[in-house]
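Novice: Among the features that Swiss-Prot reports, motif 'Q motif' is placed at 9-37. Taken from Swiss-Prot, the feature domain 'Helicase ATP-binding' covers 40-223, and the record attributes it to sequence analysis. Under the heading compositional bias 'Basic and acidic residues', Swiss-Prot lists 485-513. Sequence annotations record features per position, and here Swiss-Prot assigns compositional bias 'Basic residues' to 514-538. If you look up Swiss-Prot, you'll see 533-562 marked as region 'Important for nuclear localization'. The compositional bias 'Acidic residues' annotation in Swiss-Prot covers 544-555.
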Amino acid sequence: MEAVTEGGWSSLPVALSPGVLRALQDLGFDRMTPVQSATIPLFMSNKDVAAEAVTGSGKTLAFVIPILEILLRREEKLKKMQVGAIIITPTRELAIQIDEVLTHFTKHFPKFSQILLIGGRNPMEDVEKFKEHGGNIIVATPGRLEDLFRRKADGLDLASCVKSLDVLVLDEADRLLDMGFESSLNAILAFLPKQRRTGLFSATQTQEVENLVRAGLRNPVRISVKEKGVAATNTQKTPTRLENYYMICKADEKFNQLVHFLRQHKQEKHLVFFSTCACVEYYGKALESLIKQVKIMCIHGKMKHKRNKIFTEFRRLAGGILVCTDVMARGIDIPEVHWVLQYDPPSSASAFVHRCGRTARIGNAGSALVFLLPMEESYINFLSINQKCPMQEMQPQRNVLDLLPKLKSMALADRAVFEKGMKAFVSYIQAYAKHECNLIFRIKDLDFASLAKGFALLKMPKMPELRGKCFPDFTPVTVNTDSIPFKDKNREKQRQKQLEQQRKEREESEGKKKFIKNKSWSKQKAKREKKRKLTAKRKREEGSDMEDEDMEELLNDTRLLKRLKKGKISEEEFEKRLTGSQSKFKEAAAD
């Protein structure tokens, strides 16, 4: 189903309840988007739906409204511990956002309780909250929801609570599968009743999503909503009001261009995407030092407990910069983002579209800019063909301030900056090697010297990808980097302790080697004789037919060794007698 109409909420073939209409009015949504007008009537008429629509098209309301209407039409009112609807989404940030939207509606329906179940906090708190307040509508991430289904010993039998389930929604289904949640989803589906309505919402259609549709939906109506306008015939996958730009510049110029751009747009709100968590940590700290009077925040997937707080705070800001990885690339609705800046291209073409889609949402205008190296220019044609994503070139600014020496000075002054830079460089190269478009993003074509300059490295790190390579265009600093201290006194104190411990261990190790090397000849000889004696004894016990003369020689050597140990003979005499004894026995054996 592709032909859909837009219009006011009253134009729907099914009437919405007064409370829902009041909530829509409070939110300022006077008209429907195409995905909403296509999905809501079908979902409300008890159909399973599989909806594909471009990012930023208003999919959240397309399932929140039907959920409320279906629960309002229930013949039997839901009890506190009964779950009527579950919304599963891939990230905490998206779950928080959906929960906030839902709150705008449920405040008009006090009889419905809702609960947010996400990682990054104590699961027992979720259990206690559910037991106290209930959860008629659950918004959850897959990992936490699966965990709570299995926690029967904590006084909550969630499997019993979901027997009353009417609606299941899988939001950003393609991302759920991309992030490896397939086994969790299958485990969750096994707990849910078969008689339910299911909605699957996605920005892209993949074979994995198709498999999930077959497994979780019954005779679904498929909805595919495309953008209007000239590009619609080519199924453009980015919003039509999004202006997409690209800039070609060398690796050692890219950071200066980024800072210049951000300084020129200080009053606006930006997302800056990097390829790895380590790059976010490093460049985020650099931007904090170089761009004043602007709120700069960092967020990435390895932040387990801070992410929720940072995301919520940034959403409330009128302006600022959020430095992030692709954890922020999907479904997240941050109000009034003016620019999405992709410092590093993402690992896949579909992720490029989702990053851009963080701006120009629900009919608003927005802009996106991706920085590319000269060797990556063919990526533009690839995006045009693969993702139907039209782009315009933005020329690099001339005579921008060179900030890399300042970044180097920061690394020389603080070991934390130096180490972050090294980790960021290594992680970038490792991520580059795994890029989906490896015909364009080829690691062998990278200018490592220019790249190291762009990271303001003090020296090249040791890593397999650089083994055997020479970098005449890169000059490492003459400073011994081991002497660079941490600015944090506690960290530096701890580092000095570790260095001292390592020094002692090294000295002990060298001392042992020296001791073994300088051990007296007699002790070494004694050790060999002891070993020889044990070998002879073992052979004797095994029934060896050793000659009597050999045994006599061994016993004689042993007697001499005992006399040497007691000091009755000197080492010189011991050596003389030992040699003479062996010669005598050899002569006897020859006769």
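Using the three backbone atoms N, Cα and C, a Cβ is placed for every residue, glycine included.
So where do these features actually land, and what's packed around them?
Specialist: The helix, strand and coil residue counts that DSSP assigns across the motif 'Q motif' (9-37) are 17 helix, 1 strand, 11 coil.
Looking only at the domain 'Helicase ATP-binding' (40-223), the predicted model's pLDDT averages out at 88.
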Novice: State the residues, same chain only, that lie 6 or more residues beyond the ends of the motif 'Q motif' (9-37) and have a CB under 8 A from a CB inside it; answer 'none' if no residue qualifies.
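Specialist: Residues 44-45, 51, 53, 57-59, 61-62, 65, 68-69, 72, 104-105, 107-109, 223, 225, 362-363.
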Novice: Run through the compositional bias 'Basic and acidic residues' (485-513) and tell me, per DSSP, how many residues are helix, strand and coil.
Specialist: 25 helix, 0 strand, 4 coil
Novice: Are there residues at least six beyond either end of the compositional bias 'Basic and acidic residues' (485-513) with Cβ under 8 Å to its Cβ atoms? List them, or say none.
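Specialist: Same-chain contacts beyond the flanks: 413-416.
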